[in-house]
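Under the heading region 'Disordered', TrEMBL lists 489-510. Look at TrEMBL and you will find 21-40, 52-74, 81-99, 105-126, 138-159, 214-235, 300-328, 340-358, 370-389, 395-417, 429-451, 457-480 tagged as transmembrane segment.
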Amino acid sequence: MWWDERVSARFRRNLQPTLTYWSVFFSFGLCIAFLGPTLLDLRCQTQSSLSQITWVFFSQQFCLLLGSCLGGVFKRTLAQSLFALFASSLAISLVFAIIPLCHNVVVLAVVMAVAGLAMGCIDTISNMQLVKIYQKDSAIFLQALHFFVGFGALLSPLIADPFLSDTNCILSNSTVNTSSNLPHIRKSLVPHHPGNLSHYDLPMKGMVVTRVSYAFWIMALINLPVPIAVFFLLYKERMVPCFNSSSHPLLSADELAMETRPTEKDDLSTAVQRPHAAGGHDDLFSCCQSKNFRGASYTYFAVHITGALVLFMTDGIVGEYSGFIYSYAVEEPLSVVHKVAGYLPSLFWGFITLGRLISIPVSYRMKPATMVLINVVGVLITFLLLLIFSYSVVVLFVGTASLGLFLSSTFPSMLAYTEDILQYKGCATTVLVTGAGIGEMVLQLLVGSIIHDQGSYSFLVCGMIFGGLAFTFYAFLLFFHKMYPKPSSDMDDASPDKPAVMDDTGQYQR
């Protein structure tokens, strides 16, 4: 096997929770990618304008960011985390079932805001729980976690595609004149740039003819096993209130954990670990409390900030590239035909998913710091080549695939690396997830405005600048890692710099 027996044994001990967190991230991916392809049919369903319906993107993404910030609130106990995941994954199934019933764009925006909050909680809590379980071995499991979000993001457009309208789904006198523009409009929809398509005049009144409801109901059914899996984990951990009165196992969780520890030294290590467990992985607001800053060195803050800035740039590149690559390709100087250019976003996301799959075994052999370095350098070189050969369609397709591969493992590798630097203390997961979410939203808005004013070529220039900034911030992170104080036995127990003593058994604890 390509991983050793120790990691394999730890995975077997935590098989059910690990599979559950992976499945919940599949829900996240399923929900994050369906809106773009189905937005024109939802426009018909709500009988709204293009500029009105594209604000639904903003509603989802803004609440996703808010949910990422709030997700750490539920980390204080395992029960809170699992109940939050159960509610979030169930909410996503309910959202899929309710969307066909939303005939007003404001109601649809509210429903998508609920989905965004659920997705944000899933994003933060699933990453946190896997890091808590596996700690120094978490890199490989984080890579697998982010493969599932890519898999879900690929699956939902495939489910929706057979039910999308080939012609305008609002039948009126002007339908014939606008139907030929639909494929181009569908691929040009950009999440955070509502004015992007305001020049297209599509009918808002008439008879609505759309079958997209079936796609949402299918996705609701596909997602339904996920909250059921979370419920079974709650039941296994004896956290479901109506089942708490049943007979207890022969050994409690703590006693069972004690049975697996071979020496008294391990018992002492666990005793040291537990008082510190409550001090790390706070929500964003708890992280900002002044009591958490006492005794912390400047490098403690620098690691958090530079790590978040790297993901701000790299996740921002994912958002702006997937959002604008089609628009860039169909304009001069490339002038790619609409049908061919439509493959570019799919190629980009396909290689992100493939890269995450490849990264699962690679992350076991390669350190997270090395993987992030390869990623940021690869992104920088790819954009440089795209700029040099900006007139080549072949280079554009190859560069798109290359960019997807290099960006695929950046987030999980950065998360594993930063948590390792901080010895699984502080607020790294929450800060990094929030930074990535802000970057994806802000950079797409920024690039959309720049392209509108400066032309399509600025799309690659912006990507080159963002890639250079990601590399610069990562260089600073490496520097602060060297400066970060090493673990010391006489370090103040209250200091955020003090590392948590890890449980070598990898036992799944409450």
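Just so it is clear, glycine is given a Cβ too, placed from its N, Cα and C backbone atoms.
These numbers come from a predicted model, not from an experiment.
Note: the stretches the transmembrane segment (340-358) and the transmembrane segment (138-159) are in contact (3+ CB pairs below 8 A, sequence gap of 6 or more). Contacts between the transmembrane segment (214-235) and the transmembrane segment (457-480): absent, as fewer than 3 C-beta pairs lie under 8 angstroms at sequence separation of six or more. Beyond the ends of the transmembrane segment (300-328), by six or more residues, the same chain brings 187-188, 190-193, 293, 334, 341-342, 344-345, 348-349, 352, 372, 375-376, 379, 400, 403, 407, 410-411, 414, 417-418, 421-422, 426-428, 431-432, 434-444, 446-448, 451, 456, 459-460, 462-463, 466-467, 469-470, 473-474, 476-477, 480-481, 483-484, 496-497 to within a C-beta distance below 8 angstroms of the stretch. Residues 310, 314, 317, 359, 362-363, 395-396, 399, 402-403, 405-407, 409-410, 413-414, 417, 460-461, 463-464, 467-468, 470-471, 474 of the same chain lie 6 or more positions beyond the ends of the transmembrane segment (370-389) yet place their CB under 8 Å from a CB of it.
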